[in-house]
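Down below is the structure, laid out as structure tokens.
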Amino acid sequence: MEIFAVGLNYKTAPVDVREKLAISEDQLSGLLKKISEINSIYEVSILSTCNRVEIYGVTDDPDDAFNRIVQILSSYSGLQKNELEKYLFKLTGREAIKHIFKVSASLDSMVIGEPQIVCQFKDAFTKAREEKTVRHILTRLFDKALNVSKKIRTSTGISKRAVSISYAAVELAKKIFGDLSDKNVLLLGAGEMAELAARHLSSSGVKHIFVSNRTFEKAVQLAEEFGGSAIRFDKLFEFLPESDIVIVSTGAKEPILRKEHFEEINRIRKGDPVFIIDISVPRNVAEDVNDVDNVYLYNIDDLKVVVDKNLEERKLAALSAEMMLDEEVHKFEHWLNQLKVAPLITKIRNYADEIREYQLEKLFNQMPYLNEKERENIDLAVRAIINKLLHRPTMYIKDKASKENKDFYVDILDEMFSSKWDLRKLKEKEKKKNVKKD
């Protein structure tokens, strides 16, 4: 049995190709079922996000599994098989295990350390479990991958450093104010940057979010999404004095907020600090606003310095994480290899037990005067001898399970305990001997 990974992601395929393979929630069940019905596939799970569509599974024939999956994905996406294959990666064994671990730990993400992938990874496993397309091996693989992810995040702090402008803005606000639960926020602008900032602020538990935009409908839409209030653009200055944090992200060509505005606001707020983040290009807040007492202005370049520094720190953390990940991949691979030889070990022990039972039956028939206790003691002694004799071969098999040439040793031992050595042959030989004696 081999673990495999096949699919595409932001590294291998452009967004227009990824879009064609995007799998919606209501399509996922059918696709899981279809792939799980492939004879060479024993377990399967699908991870589908905006940046990747990847299929993880267990197979006894990787080539057949890959070929069948590509056919299914080709039919699903409408892309020709040979066109689709240009964008696909195909991994087996250790490489597949390592890739899956890296994905769950966010080491393969577009933004290293981003936390969303953990939830997406869990959801992929939960869905596969609901559809009964995962069993023992993938269950352990996902459990270990999530444990590794948690261990890496805890020990390296890889997710703690802001690496987006919007997130950095919120982290900066936390440094200035500490607790944000009693702070009002005003978003000036309702574009993508403002939306990202609103998302981070909302998850940080701010008191209230006001949204103002020249197009009022956009302000209403964004405010409703985060339980805030929409403000008409011409009413902006009525709400500025109530705002502790102001995030500006508009397309204006010149400053909207000026020094004189905040001098008046400072008087109304009686010295309570105001934190302003201008992530507009060109800047929408006049630079001399920073000269007003209790007003703290940061622009996109200030935040970029923070982001660049944090990106470098994340890269260093990622190097440390890679070392931890390699160790865990080795452990899982060792477990999987031992699992592969488990049937052989069971076969050898079953063979020994059959011999034990047969020989004891013969012995007890020849010695009918033995009582139950004596028979039990003899049986225990024979079992102990068998366990002693089989201990070293068992350890030998487990040790060889992780070697590159393990199949050579496994085949030899499997042949030794194959049907030509089985108990039926032994019984037949003894029956012939008895016939000759008679």
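Placement of Cβ uses the backbone N, Cα and C atoms for every residue, glycine included.
Residues annotated as active site, nucleophile in Swiss-Prot, with sequence analysis given as evidence: Cys50. In the three-state DSSP assignment, the secondary structure recorded for Cys50 (active site, nucleophile) is coil. Same-chain residues at least 6 positions away in sequence with a Cβ under 8 Å from that of Cys50 (active site, nucleophile) are, in sequence order, Arg18, Ala22.
For Thr49, Cys50, Asn51, Arg52, Ser109, Glu114, Pro115, Gln116, Gln120, the entry in Swiss-Prot reads substrate binding site. Sequence-distant neighbours of Thr49 (substrate binding site) (same chain, 6+ residues apart, CB-CB distance under 8 A): Gln116, Ile117, Gln120.
What Swiss-Prot records for Gly189, Ala190, Gly191, Glu192, Met193, Ala194 is NADP(+) binding site. Annotation for Ala194 (NADP(+) binding site): spatial neighbours Leu187, Leu188, Val211, Leu222, Ile247, Ser249, criterion Cβ-Cβ under 8 Å with sequence separation of six or more.
The site 'Important for activity' annotation in Swiss-Prot covers His99. The DSSP secondary structure for His99 (site 'Important for activity') is helix.
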Which residues, same chain and not among Thr49, Cys50, Asn51, Arg52, Ser109, Glu114, Pro115, Gln116, Gln120, have a CB within 8 angstroms of the centroid of the CB atoms at the recorded substrate site?
Ser106, Met110, Ile117
Please identify which of Ala190, Met193 has the densest Cβ environment, defined as other Cβ atoms within 10 Å, among these binding-site residues.
Ala190
For the binding-site residues listed here, Pro115, Gly189, which shows the highest count of neighbouring CB atoms within 10 A?
Gly189
Other than Gly189, Ala190, Gly191, Glu192, Met193, Ala194, which residues of the chain come within 8 Å of the NADP(+) site, judged by Cβ distance to the Cβ centroid of those residues?
Leu187, Glu195, Leu196, Ala197, Leu222, Ser249, Thr250
Which has the fewest other CB atoms in a 10 Å radius around its CB: Asn51, His99, Ser109, Gln120, Glu192, the listed recorded positions?
Glu192
Nearest to His99 (site 'Important for activity') by Cα distance: which of the binding-site residues Asn51, Pro115, Ala190, Gly191, Glu192 is it?
Asn51
